[in-house]
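A.B. asks: Submitted below is the structure of interest, expressed as structure tokens.
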Amino acid sequence: MDEFDLIHSITPRTIHHSSVDVGIGDDAALYTAKHGVQEIVCVDTMVEDVHFKLLYSSPEDIGYKALAVNISDIAAMGGIPKFYLVSIAVPPKWTQSEIKAMYEGMNELAKLYHMDLIGGDTVSISDKLVVTVTVIGEVEKGRACLRSLARPNDIVFVTGEIGSSAAGLSLLLEKTHSQTSAIDTDYFIHRHKRPEPRVSVGRLCSSFKRAALNDISDGLASELNEIAEASCVSIEIDESMLPVHSHLSKLHPIWKEWALFGGEDFELTGTVSKSNWEVLKQECETRQLPITKIGHVREKTESNVILKTDNGSRILEKKGYNHFK
Ligand SMILES: Nc1ncnc2c1ncn2[C@@H]1O[C@H](COP(=O)(O)OP(=O)(O)OP(=O)(O)O)[C@@H](O)[C@H]1O
Ligand SMILES: Cc1ncc(C[n+]2csc(CCOP(=O)(O)O)c2C)c(N)n1
Ligand SMILES: [Mg+2]
Ligand SMILES: [Mg+2]
Ligand SMILES: [Mg+2]
């Protein structure tokens, strides 16, 4: 079984409400609730030992990340997050104060975005903790940054830097050991545990008539393939332009794999027209938001995503984190 095939197979062929603008297939769903506004809804689950280990994650870390990954999906639609609901399945070993600490972790981030916790559900489970967060946000009607909005000649960009979260995970799982104290391993670990959703960049993109966005949960290669598929275009990126932390390559020889396929960076990748790119770059510079051009959108060819390297070019397959592979 493949995660993406499964989702495809359960996608309904008909909808009952014409107010549904975007259903299954993007970072979040969109429906028109009131004049001039589209509501955005998304949900993501985190499971102990699949998404985090108690060995290195505090209850606050778990709560923080469970909300962060959902705010990131709202950012990837160009929206403003407003409300959240939390469903928890808690094993017997958890104390009430640990659960409260998990909500404190969420609240840390919710405060920043002025978000309200408006509901949820609590059940017991025999073994591992499961946290499911639903976030509701909104975007001006017609301004959502859909995966299907990339067009030939657009500029392809990514925010922040990629690969650092995967490096942090590798350090936490003790698959990687730093040979020198000159490398700030805590930095990479922090990037893994406490991703920062890029809401401001999403909002800048939603001010353009058209922008495609996706947030990086499964890895840059996977997310760009999703944009290329949804937009019926090909995407060409340049390996030498990929933004990575200056210490990443010193940590482990597989650093390029981390950057392309590692995932959980929760940065945004997307495409805008050439003229909008100049505006976006300038606006990001003014606000000190890191953003990097990494390539171009092309007319559709048989390969969805192409990576140009020093030795030529290769197809970047939709390889990355996949729950059933
Ligand atoms: N079990 C499911 N039932 C119905 N729809 C689903 C299910 N799982 C995923 N989807 C839908 O499929 C689309 C893609 O979901 P996916 O979870 O891959 O995206 P994402 O949340 O952006 O990525 P990630 O979960 O890796 O952070 C979304 O529209 C989502 O709502
Ligand atoms: C203990 C442990 N092992 C592996 C990973 C890596 N990982 C888990 S889920 C995922 C993709 C995003 O999740 P989703 O697609 O569910 O949103 C990635 C890259 C981790 N975080 N912790
Ligand atoms: Mg997403
Ligand atoms: Mg999801
Ligand atoms: Mg995923």
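Even glycines carry a Cβ here, placed using N, Cα and C.
Among the features that TrEMBL reports, domain 'PurM-like N-terminal' is placed at 25-139. Residues or ranges marked as Mg(2+) 4 binding site in TrEMBL: Asp27, Asp73. The Mg(2+) 3 binding site annotation in TrEMBL covers Asp27, Asp73, Asp215. What TrEMBL records for Asp44, Asp73 is Mg(2+) 2 binding site. Annotated Mg(2+) 1 binding site per TrEMBL: Asp44, Asp121, in sequence order. For His51, Glu264, Tyr321, the entry in TrEMBL reads substrate binding site. The feature ATP binding site is assigned by TrEMBL to Tyr103, Gly120, Asp121, Arg147, Ser217. Marked as domain 'PurM-like C-terminal' by TrEMBL: 151-307. Annotation source TrEMBL lists Mg(2+) 5 binding site at Asp218.
Explain the structural surroundings of these features, please.
C.D. replies: Its own atom aside, the Cβ of Asp73 (Mg(2+) 4 binding site) has 26 Cβ atoms within 10 angstroms in the protein chains shown. DSSP assigns Asp73 (Mg(2+) 4 binding site) to a helix in the three-state reduction.
Secondary structure from DSSP puts Asp27 (Mg(2+) 4 binding site) in coil. Shown in sequence order, Cys42, Asp73, Ile74, Ala76, Met77, Arg147, Leu213, Asn214, Asp215 are the residues of the chain, 6+ apart in sequence, with a C-beta less than 8 angstroms from the C-beta of Asp27 (Mg(2+) 4 binding site).
Cβ environment of Asp121 (Mg(2+) 1 binding site): Ser87, Ile88 lie under 8 Å away, each six or more residues apart in the same chain. Asp121 (Mg(2+) 1 binding site) falls within a strand when secondary structure is assigned with DSSP.
Using a 10 Å radius centred on the Cβ of His51 (substrate binding site) and all shown protein chains, the other Cβ atoms total 18.
Reduced to three states, the DSSP call for Tyr103 (ATP binding site) is helix.
Here the domain 'PurM-like C-terminal' (151-307) has a mean pLDDT of 97 out of 100.
In sequence order, Gly263, Gly320, Tyr321, Asn322 are the residues near Asp218 (Mg(2+) 5 binding site), counting only same-chain partners six or more apart with C-beta under 8 A.
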A.B. asks: Let me make sure I understand the span of the substrate site: among His51, Glu264, Tyr321, what is the greatest distance between any two Cα atoms, in Å?
C.D. replies: 11
A.B. asks: Determine the binding-site residues, out of Asp44, Tyr103, Asp121, Asp215, Tyr321, lying near ligand 2 in the sense that the CB is under 6 Å from one of its atoms, and give them in sequence order.
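C.D. replies: The qualifying binding-site residues are Asp44, Tyr321.
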A.B. asks: Which are the residues of the chain, Asp27, Asp73, Asp215 excluded, whose CB is within 8 A of where the CB atoms of the Mg(2+) 3 site average out, their centroid?
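C.D. replies: Going along the sequence, the neighbours come out as Asp26, Ala28, Cys42, Ser72, Ile74, Ala75, Ala76, Met77, Leu213, Asn214, Ser217.
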A.B. asks: Determine which residues of the same chain, besides His51, Glu264, Tyr321, have their CB within 8 A of the center of the CB atoms at the recorded substrate site, and list them by sequence.
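C.D. replies: Near the substrate site, beyond His51, Glu264, Tyr321, sit Val50, Leu169, Ser217, Asp218, Gly263.
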